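Enquirer: Pasting a structure here, questions to come.
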Amino acid sequence: MLRGGRRGQLGWHSWAAGPGSLLAWLILASAGAAPCPDACCPHGSSGLRCTRDGALDSLHHLPGAENLTELYIENQQHLQHLELRDLRGLGELRNLTIVKSGLRFVAPDAFHFTPRLSRLNLSFNALESLSWKTVQGLSLQELVLSGNPLHCSCALRWLQRWEEEGLGGVPEQKLQCHGQGPLAHMPNASCGVPTLKVQVPNASVDVGDDVLLRCQVEGRGLEQAGWILTELEQSATVMKSGGLPSLGLTLANVTSDLNRKNVTCWAENDVGRAEVSVQVNVSFPASVQLHTAVEMHHWCIPFSVDGQPAPSLRWLFNGSVLNETSFIFTEFLEPAANETVRHGCLRLNQPTHVNNGNYTLLAANPFGQASASIMAAFMDNPFEFNPEDPIPVSFSPVDTNSTSGDPVEKKDETPFGVSVAVGLAVFACLFLSTLLLVLNKCGRRNKFGINRPAVLAPEDGLAMSLHFMTLGGSSLSPTEGKGSGLQGHIIENPQYFSDACVHHIKRRDIVLKWELGEGAFGKVFLAECHNLLPEQDKMLVAVKALKEASESARQDFQREAELLTMLQHQHIVRFFGVCTEGRPLLMVFEYMRHGDLNRFLRSHGPDAKLLAGGEDVAPGPLGLGQLLAVASQVAAGMVYLAGLHFVHRDLATRNCLVGQGLVVKIGDFGMSRDIYSTDYYRVGGRTMLPIRWMPPESILYRKFTTESDVWSFGVVLWEIFTYGKQPWYQLSNTEAIDCITQGRELERPRACPPEVYAIMRGCWQREPQQRHSIKDVHARLQALAQAPPVYLDVLG
C-alpha cells in the first residue's frame, strides 16, 4: 500500500489505472521529462524505483507488476514484512532491491511467484534471521544481506555454508552477527538437518501382499515430516499413520509396478531438509514380448522382458539353441528409470536367407517362465534349388573308339553346346529389346510437358533442401536466392541427371485419405497407392501436391523429381515417383508414421507430459542407447549425401522423419518452414535462414559446403540430446547470430555424455577445414551406439 499520495498531480493512483498510463510514463521518462514526483516511478523499459521516504508499507497491488523485471526500493521504514501476496504478480522479476528500510521479516514462501529472481539485495534493514526456505528453488547469482542485525543461530547455518562455499557473493560481505562477531565463526556443531532411517522388510514380497514401512526421525527443532507418494498411487493402496518422530506407511495389495519405485521419507527443521528413499522388491514371474524384425544399422528383432528377479534369457532358432556370435548377439537398450521391464534387440549383422526362420525367446526366473516366437525373413533364397539336393550331371556321348563292345546310347538328340548358344541368343535379343524400350521412354519429350533448361534457376521452397555442390561448395551473392536464403544457382551435372528416369504413377492408383499438412509448395496428404511395389497390392504413402502451375514451378518440380530419383539410401526418405496426369502435379514419398524427428523427440522426452496437453504420452524418455541410434542414422544419411557431393543446407531434426522401429531418415515434405517458422530468420522480403543451425561462414558470407553441413549436424546432435529444444532458445535471432559469429558454443545437454559433446565441439570448429568429417563423426557415433558409455546425470 501507499502512504501520503498527493492530489492534483499525476500520482500513483492515476498511472495505476492501466498499462496505457504506465506506457505514457515510460515515454515521458525516455524523452527526458521532469523527475517523477510520486513514490514509485518507472525506471528504464521494465523497472520501477520507489525512493520517497515512508511512502510504502507493503508491495501489494504494484501497478504493471506482471511486466516488471527490476524493482528498487529505498528509505521505506514502514515496509517491515515481505510475504507471499506482496510478490504474487511479479512473475518476470529478475532483480529485487530493498535497502535502508524497516524490513524485519521475510516469509519462507515470499518468493514462490518469482522463480526468475537472480539478484536479491536486502542490505541495511532490520533482519535478524532469514530462513533457508526463502531462497529454496531460486537460482540466485547474488544475495546481499550486509548491514542487518543478524542473530547467530542454527537458522543461519545455511547462510554460513554459502559463505564457506563461495556462493551468491556472500563471502565478500563478511557478514557479522549482532554483538556476536563474524558469521563465519558461529559454532555449528549442533546445527544439523534431521536424521532419517526407514525400516523396510528384509525379504522380497509377492504381488498382493501388504508392506509396512516406518520412518524414524531424529534431530533438533523438528518442524515437519512426511512421505512423498507421487509414484505410488498406481502401485498399491497407500495408508499413512503416526507422526513425529515416527511415521508409518502401509502399502496394501502391492502390484509389480512397485518395483524400482522410490518410497521417500522427508523431514525439515530450521537448518534444512533431509530425504531418504528406499525401494521395495516385489517378486513376480517372467514375461516376454517379441516384435517384428526391423532393419536398422543391423537387423533387429525387438523384445521386451519383465520379471523380478530379472529373468535369464535364451534364444532358439527353428527349435534349436541359438549360439550368439559377433554377428548375432543380444543387445539391451538403456533401461528406463524406475522400471523392471528391459527392452532390447537380437542383432543380426547382414543376415541372409540362411537366417530366415522361427526365432523364440525364453525368459525364466524362480517364479515362472515365458516364451514368445516370431517368424523373420531377411532375404529371399537366391537359389532355384535346394543347396542340399544333389547336383544333376550331364554325361557326354560315349567315345565310339571305346574298347568295350557294348552298344552306344545317346542321351540327347540336340547337343548341349547348341542349346546354350540358342539360350544366349534369345537372352541377348530380350535384353536389347528392353534396353531400346527404356531408352525410348526416357529419351522422348518428358511427361512433365516442359523442356529442360541447361542451367536451372534458384529453387523456391522445395521439399528437400538438397543441392549439388559445385567445385569447392557454393555461396550466394546478395542478389541470389531471393526466394530462399538456402538456394543458389544450381548447374546441372550430366553425370547425375542425364540417365535419370522418373517413375510415373497413374492417378487412378492414388487414393487420398486425409491431409497431413501444408507448406509453401502446396499440401501433403496421406494416401493409399495401388500397384506401386510388386510385393504389395497397396500401401500407405505421403503425397505432395504442387500448388502452383507456373512454368518455373513445373521446372522446379521436374528437377526435384529427377534429383530425388537419384537418392537411394536406407536413411534418405524413399521417393517412389510422380503423377503428372491432370492437376495438381503429385509427388509420392514413403510414409513415415511417427512424423518429424523434432516432435518425436519432444513427445519422448522428460517434458512430454507438459507438452502433450492431455494426450497420451510415451511411457518414458528415450534412453542413451536410443538417442545414439537416432544420431547415428542421421549421420549415415549425411555420409551418403556427402559422398555424392550434395550439400543439404537445412539439416535439422525438423527435416528428419521417424518410422516404425525407430528408423530415422533425412527428408521432409516442405512443411518445416511453415510449422517451425520461429526456427528461421527472415532477411529482406522472402529469404528465410535457419541461422541457429548455420556456421559463421554461412551467416556472414552465405557459403555452404559439406563442412557447413557438419556444423549443422553438430547442432542436430544437440537437439537430439535435449529432446528437441531449439538451439539458443533463450536468445532472439540477432542475439543468436552474435553468439555464433563470436565463437560461443551451445552448452552440453544434461543427458549428453562427454564423449558425445566432444563430437559436437569437433563439428563446431570455427575454421571449416578443422571440423570432423561426417564420415568420422558417423564412425564414432556407431562405436558409441554399439557400446553406450556409462553416464550418470547427477543433476537429474
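Note that Cβ sites are derived from N, Cα and C of the backbone, with glycine treated the same way.
Keep in mind that what you see is a predicted model, and the values were worked out from it rather than measured.
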Enquirer: Consult Swiss-Prot and report the residue, out of Y591, Y676, Y757, annotated as phosphotyrosine.
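Expert: So the answer, going by Swiss-Prot, is Y676.
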Enquirer: Which of the listed positions, Y72, Y681, Y701, does Swiss-Prot note as phosphotyrosine?
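Expert: Matching Y72, Y681, Y701 against Swiss-Prot annotations yields Y681.
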Enquirer: Ranges 337-358, 469-490: which does Swiss-Prot label region 'Interaction with SQSTM1'?
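Expert: Feature region 'Interaction with SQSTM1' in Swiss-Prot: residues 469-490.
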Enquirer: Of the residues C50, C152, which one does Swiss-Prot pair with C40 through a disulfide?
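Expert: According to the record, the bonded cysteine is C50.
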Enquirer: Consult Swiss-Prot and report the residue, out of Y496, Y723, annotated as phosphotyrosine.
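Expert: According to Swiss-Prot, the phosphotyrosine annotation belongs to Y496.
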Enquirer: Name the residue among Y680, Y729 that Swiss-Prot annotates as phosphotyrosine.
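Expert: The residue tagged phosphotyrosine by Swiss-Prot is Y680.
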Enquirer: Quick one: Swiss-Prot says C154 makes a disulfide with which of C191, C215, C265?
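Expert: Going by Swiss-Prot, C154 is disulfide-bonded to C191.
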Enquirer: For the motif 'DXXLL' (537-541), what are the same-chain contacts with Cβ under 8 Å, counting residues 6+ beyond its ends?
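Expert: Tertiary neighbours of the motif 'DXXLL' (537-541) are 510, 526-531, 576, 588-591.
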Enquirer: What counts of helix, strand and coil residues does DSSP assign across the motif 'DXXLL' (607-611)?
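Expert: Going through the motif 'DXXLL' (607-611) residue by residue, I get 4 helix, 0 strand, 1 coil.
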Enquirer: Could you pull out which residues elsewhere in the chain have a CB under 8 Å from any CB of the repeat 'LRR 1' (90-113), counting only those six or more residues past its ends?
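Expert: Residues packing against the repeat 'LRR 1' (90-113) from afar: 46, 62, 65-84, 119-128, 130-131, 133-135, 138.
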Enquirer: From the DSSP assignment alone, can you count helix, strand and coil residues within the repeat 'LRR 1' (90-113)?
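Expert: So the repeat 'LRR 1' (90-113) is made up of 0 helix, 7 strand, 17 coil.
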Enquirer: Looking only at the motif 'DXXLL' (537-541), what is the model's average confidence as pLDDT?
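Expert: Per the prediction, mean pLDDT sits at 90 for the motif 'DXXLL' (537-541).
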Enquirer: Which of N67, N358 (the glycosylation sites) has the most other Cβ atoms within 10 Å?
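Expert: Buried the deepest by this measure is N67.
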Enquirer: Please classify the secondary structure at N67 (N-linked glycosylation site) using three-state DSSP.
Expert: helix
Enquirer: Let me know the most crowded of the modified residues, choosing from Y680, Y681 and counting other Cβ atoms within 10 Å.
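Expert: Selected residue: Y680.
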Enquirer: Whole-number Å distance between the CA of Y680 (phosphotyrosine) and the CA of E518 (ATP binding site)?
Expert: 17
